[in-house]
Amino acid sequence: MERSNLFHIPCFLLLFLLFNINGVHTTFVCGDEDFSPNTSYVENLESLLPSLASNVIRERGFYNVSLDGVYALALCRKHYEVQACRRCVDRASRTLLTQCRGKTEAYHWDSENDANVSCLVRYSNIHRFGKLKLEPIGNVPHSSLDPSSNLTRISQEFAARANRTVEVASTADESSVLKYYGVSSAEFTDTPEVNMLMQCTPDLSSSDCNHCLRENVRYNQEHNWDRVGGTVARPSCYFRWDDYRFAGAFDNLERVPAPPRSPQTRQDYRVKKGRMFQPWSVVVVVFPTGINLAVFVAFVLAYRRMRRRIYTEINKNSDSDGQATLRFDLGMILIATNEFSLENKLGQGGFGSVYKGILPSGQEIAVKRLAGGSGQGELEFKNEVLLLTRLQHRNLVKLLGFCNEGNEEILVYEHVPNSSLDHFIFDEDKRWLLTWDVRYRIIEGVARGLLYLHEDSQLRIIHRDLKASNILLDAEMNPKVADFGMARLFNMDETRGETSRVVGTYGYMAPEYVRHGQFSAKSDVYSFGVMLLEMISGEKNKNFETEGLPAFAWKRWIEGELESIIDPYLNENPRNEIIKLIQIGLLCVQENAAKRPTMNSVITWLARDGTFTIPKPTEAAFVTLPLSVKPENRSMSERKDKDPFSVDEVSITVLYPR
């Protein structure tokens with residue numbers, strides 16, 4: 001854990017400054033490490049930061065991106081106004097480019113009272129997404145309290161209010177991208193009004209956010225205990241408090257009244273309305289009340305034990321980020337799915353069936369019941385549980401829990417109401433619902449989900465089975481990558497692996513994976529490229545039996561006959577954007593894995609207002625090997641059986657009725 005003492009940071013020259021002119025309250029911190037000479041870092045930084053303002057709006061208030069060693073993010077406070085957020089991020093970006101020019105790392109928390117906005121812009125030459133960053137600290141204390149104030153009482157009331165605000169801010173609101181945010185307004189005994197705002201970057205876990213904010217409160221109490229307001233900022237979290245309502249964050253928020261002063265002790269406390277207090281009356285009132293209370297407590301305890309036994313238990317083995325894995329009781333799942341009734345069945349996959357369920361709370365769930373002998377063994381089951389409980393991204397399906405009682409192996413996911421992508425893109429009656437903007441958003445979302453898996457999560461994961469049927473669509477048609485049963489976890493210093501058991505869906509698998517069992521992040525990039533071309537054409541890859549969609553699209557590209565690639569439903573849409581996406585798709589399906597782009601580059605190219613140059617694609621992969629033919633027998637590091645090649649044509653997919 002990083003230390004929070006400001007004076008133990010030898011590598012940083014802290015330039016935390018406060019401007020409070022015309023209602024602008026801004027704190028920025030620059031590092032003292034300069035760029036290495038003759039590098040493109042400054043050019044990439046100057047190209048990346050100006051793009052944050054528009055992209056943070058498109059991403060609903062939080063945006064992170066990287067470009068050739070520059071890692072940046074932008075964040076606005078919850079309930080922001082679009083133009084105010086855009087201006088705030090743009091101003092913060094320009095401030096960092098001018099005030100921290102030449103520095104490898106900096107961050108800037110900015111707020112503007114008149115515009116009702118606050119925001120963060122942060123950049124670094126080190127990958128920090130999803131990681132708690134406590135240093136360097138920016139501390140901006142305000143004016144001192146009135147010396148006649150009761151500082152001890154103020155400190156106690158402040159600590160109590162701050163602790164409650166920390167709990168609110170660090171409790172994740174999964175309905176919002178800006179999930180870590182809290183404000184409070186209270187009247188203290190000796191202070192008419194105290195307003196607090198706390199926020200964390202959404203890439204943190206709830207426990208990391210809580211720790212970061214508590215460190216801010218502790219630091220504030222140690223250094224600013226005699227002030228009427230101030231700001232303590234860190235790269236991962238922000239705490240500001242003041243004696244007035246700032247940045248529009250407290251509109252329609254009721255102020256908590258001051259605690260009542262303790263009444264003076266009266267010597268005649270046993271006398272009321274001229275009558276002597278009768279001790280025996282206590283027995284008359286308290287005895288039956290005590291019996292009723294004891295019965296009530298016993299009932300509550302019995303109910304809680306029964307509920308815990310029948311419904312759920314929390315797995316004691318929490319994952320590394322402190323989030324416990326929810327282990328569902330089989331009885332609860334049977335109740336939720338009406339004992340796996342046919343009416344609740346949503347679909348059938350290669351590894352089992354998927355059912356819709358409803359928890360006692362009313363929450364809808366999707367229950368994947370793995371079939372015996374399906375091929376998804378105990379290791380694969382644990383693999384998916386361990387991976388998904390440690391992954392949190394809006395473009396990944398959320399695992400709610402699991403059950404492994406007796407012979408049952410069950411995974412419980414969030415219910416995603418709009419089925420999977422293949423139910424729309426390959427259905428003539430539904431494909432028109434996928435407008436160009438919806439398709440673009442789906443493609444971007446899948447790309448961001450893959451980038452998170454490959455680079456931005458605490459793990460490095462290769463999905464290995466990306467395809468249209470493994471992309472689920474929520475109520476607003478936002479994509480969520482699903483099905484991690486075949487995913488492989490890499491160490492951070494690993495880039496590729498080999499296997500003798502090639503699993504996946506033929507047509508989406510990269511040629512080096514099909515032929516040699518070699519897989520890497522570029523294998524997922526290939527699958528993404530196939531899916532992207534399917535989104536443009538509205539055709540399944542397998543419809544091009546003799547050569548495959550990538551090869552077909554490549555031929556039409558070099559012949560200049562792009563009309564035969566494009567879905568007729570897209571004829572009235574921006575041709576330059578469609579061609580750009582075809583180009584990106586062809587780059588992703590190139591025969592040579594080394595020439596395929598990273599998902600980081602794909603995200604950069606997908607920016608609609610970007611000015612980046614996209615390379616020209618080379619020849620796409622021609623994977624025409626039929627399923628009945630096995631590739632050449634080659635030496636592989638994981639060879640355990642004689643058959644070097646086995647294909648699961650249909651892998652487990654969360655399907656929903658059409």
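Going from the start of the chain as shown, residues are counted 1 onward.
Cβ from N, Cα, C; glycine included.
Annotated in Swiss-Prot:
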BINDING   Leu346, Gly347, Gln348, Gly349, Gly350, Phe351, Gly352, Ser353, Val354, Lys368  ATP binding site
DOMAIN    27-128  domain 'Gnk2-homologous 1'
DOMAIN    340-612  domain 'Protein kinase'
CARBOHYD  Asn38  N-linked glycosylation site
CARBOHYD  Asn64  N-linked glycosylation site
CARBOHYD  Asn116  N-linked glycosylation site
CARBOHYD  Asn150  N-linked glycosylation site
CARBOHYD  Asn163  N-linked glycosylation site
MOD_RES   Tyr413  phosphotyrosine
MOD_RES   Tyr513  phosphotyrosine
SIGNAL    1-26  signal peptide
TOPO_DOM  27-281  topological domain 'Extracellular'
TOPO_DOM  303-658  topological domain 'Cytoplasmic'
TRANSMEM  282-302  transmembrane segment
Summary of DSSP states over the domain 'Gnk2-homologous 1' (27-128), given as helix, strand and coil counts: 36 helix, 34 strand, 32 coil
Helix, strand or coil at Asn163 (N-linked glycosylation site) [DSSP, three-state]: helix
Binding-site residues listed as Leu346, Val354, least Cβ neighbours within 10 Å: Leu346
Rounded distance in angstrom between the Cα atoms of Asn163 (N-linked glycosylation site) and Leu346 (ATP binding site): 45
Fewest other Cβ within 10 angstroms of its own Cβ, chosen from the glycosylation sites Asn64, Asn163: Asn163
Length of the line joining the Cα atoms of Asn64 (N-linked glycosylation site) and Gly352 (ATP binding site), in Å: 37
Pairwise Cα distance for Tyr513 (phosphotyrosine)/Val354 (ATP binding site) [Å, integer]: 28
Recorded positions listed as Gln348, Gly352, Tyr413, least Cβ neighbours within 10 Å: Gln348
Inter-residue Cα distance where the pair is Tyr413 (phosphotyrosine) and Gly352 (ATP binding site), in Å: 15
Inter-residue Cα distance where the pair is Tyr413 (phosphotyrosine) and Gln348 (ATP binding site), in Å: 16
Conformational class of Gly352 (ATP binding site) under the three-state DSSP mapping: strand
Neighbour tally for Tyr513 (phosphotyrosine), based on other Cβ positions within 10 Å of its Cβ: 25
Tyr413 (phosphotyrosine): secondary structure state under DSSP, collapsed to three categories: strand
Inter-residue C-alpha distance, Tyr413 (phosphotyrosine) and Val354 (ATP binding site) (nearest angstrom): 10
